[in-house]
Amino acid sequence: MSLAAGIVGLPNVGKSTIFNAITSAGAESANYPFCTIEPNVGIVDVPDARLEVIHGFIKTDRVLPASVKVVDIAGLVKGASTGEGLGNKFLGNIKETDAVLHVVRCFENSDIVHVHGTIDPRADIEVIELELGLADLETLNKAHERVSKKARAGDKDSIFERDTYDVARQHLEAGGQLRAREWSDRERAALRPLFLITMKPVLYVANVADDDLAGESPLVGAVRAHAEATGSGVVVLSGDIEGEIAGMDPADRAEFMADLGLVESGLERLAHSTYDLLGLQTYFTAGEKEIRAWTIQRGWTAPKAAGVIHTDFEKLFIRAEVYSVDDLVQFKTEAAIKAAGKLRVEGREYVMREGDVCHFLIGK
Ligand SMILES: Nc1ncnc2c1ncn2[C@@H]1O[C@H](COP(=O)(O)OP(=O)(O)OP(=O)(O)O)[C@@H](O)[C@H]1O
Ligand SMILES: [Mg+2]
């Protein structure tokens, strides 16, 4: 399962600064609106300290973290859907992501231009969400047109699709975001092929000044209140500071972060929050060749989890041998875990737990 997240927000709020910090990809960031024109795409390793813990006991050539694709696009402005600013044509790059990272400016700095002249996170969020809603409306209108003919001819599936599109259109026209509505499984299935942006889970990224890393300002408060009211998450970070952290070697980084009272880097916090938001969890495989982290949905059974390694594994799954990272720390080798009776043998019904270390036995 490879995960993708798309960054949206007003121009000049720090999207590319944050993208650079998390990908260290060297994408351009500068103090003028519409600095980013072509989308930046980066692949980021998901930091997971447990990989190194496992590696401390099991020697392998390779350690492979999970990865997330991150997409940074041009800023949106009011009227983007009708071509204002750079328009909304870059939103296509966000469509095939699993989650939206909505960067909101929460730092005061008169040197950095704000496209509305004042820093008002709540108003900024509204502008962006309206534009995203209008983009979805455009997609729905086209899809509606496409199915209408078949619906009029009496095709049952097309009638259901058309009616679902109508419900979605009404919801957006009333100013709502599609994620806020409860959808039946069948409705979800009808909407899924449209890759609607406001249907995706959103994480608000409050980009704060370097003297408000804890996010105590009323600006961040406004973002938190909005996120709480809409069932979304918030990550507080400073793009500027994260850029510095990304550029440091590990020893300096640890000291710098400790001085600032930061326990985790912005990337770590973003990764954890995104996993929470999407209901994801991690399991590990640790063999002779490599130690590797795999991303699955919470609640998945062992065969389904094995299917992430290779699609055939789901069908051919026989059983799994499972232990935890803590078991490894306590007993030090797999043989000792087994001797202590801690190596669990699990079958097709087993529901994976966070941080399981697995060997899958696969048939032919
Ligand atoms: N937390 C912060 N504190 C102070 N300045 C910041 C912070 N984050 C970013 N900046 C500054 O804001 C300016 C704009 O940043 P950036 O280019 O990342 O914005 P953007 O959202 O990608 O803009 P665009 O939509 O134009 O591409 C840069 O000068 C950057 O250094
Ligand atoms: Mg940019």
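Including glycine, each Cβ sits where the backbone N, Cα and C put it.
All TrEMBL annotations are machine predictions without curation.
The annotation domain 'OBG-type G' is assigned in TrEMBL to 3-257.
DSSP assigns Thr17 (ATP binding site) to a helical segment in the three-state reduction. What TrEMBL records for Asn12, Val13, Gly14, Lys15, Ser16, Thr17 is ATP binding site.
The average per-residue pLDDT of the prediction over the domain 'OBG-type G' (3-257) is 92, rounded to a whole number.
Screening the binding-site residues Gly14, Lys15, Ser16 for a C-beta under 6 A from any atom of ligand 2 leaves Lys15, Ser16. Of all Cβ atoms in the shown protein chains, 29 besides its own fall within 10 Å of the Cβ of Lys15 (ATP binding site).
Residue environment of Thr17 (ATP binding site) contains 23 other Cβ atoms, counted within 10 Å of its Cβ in all protein chains.
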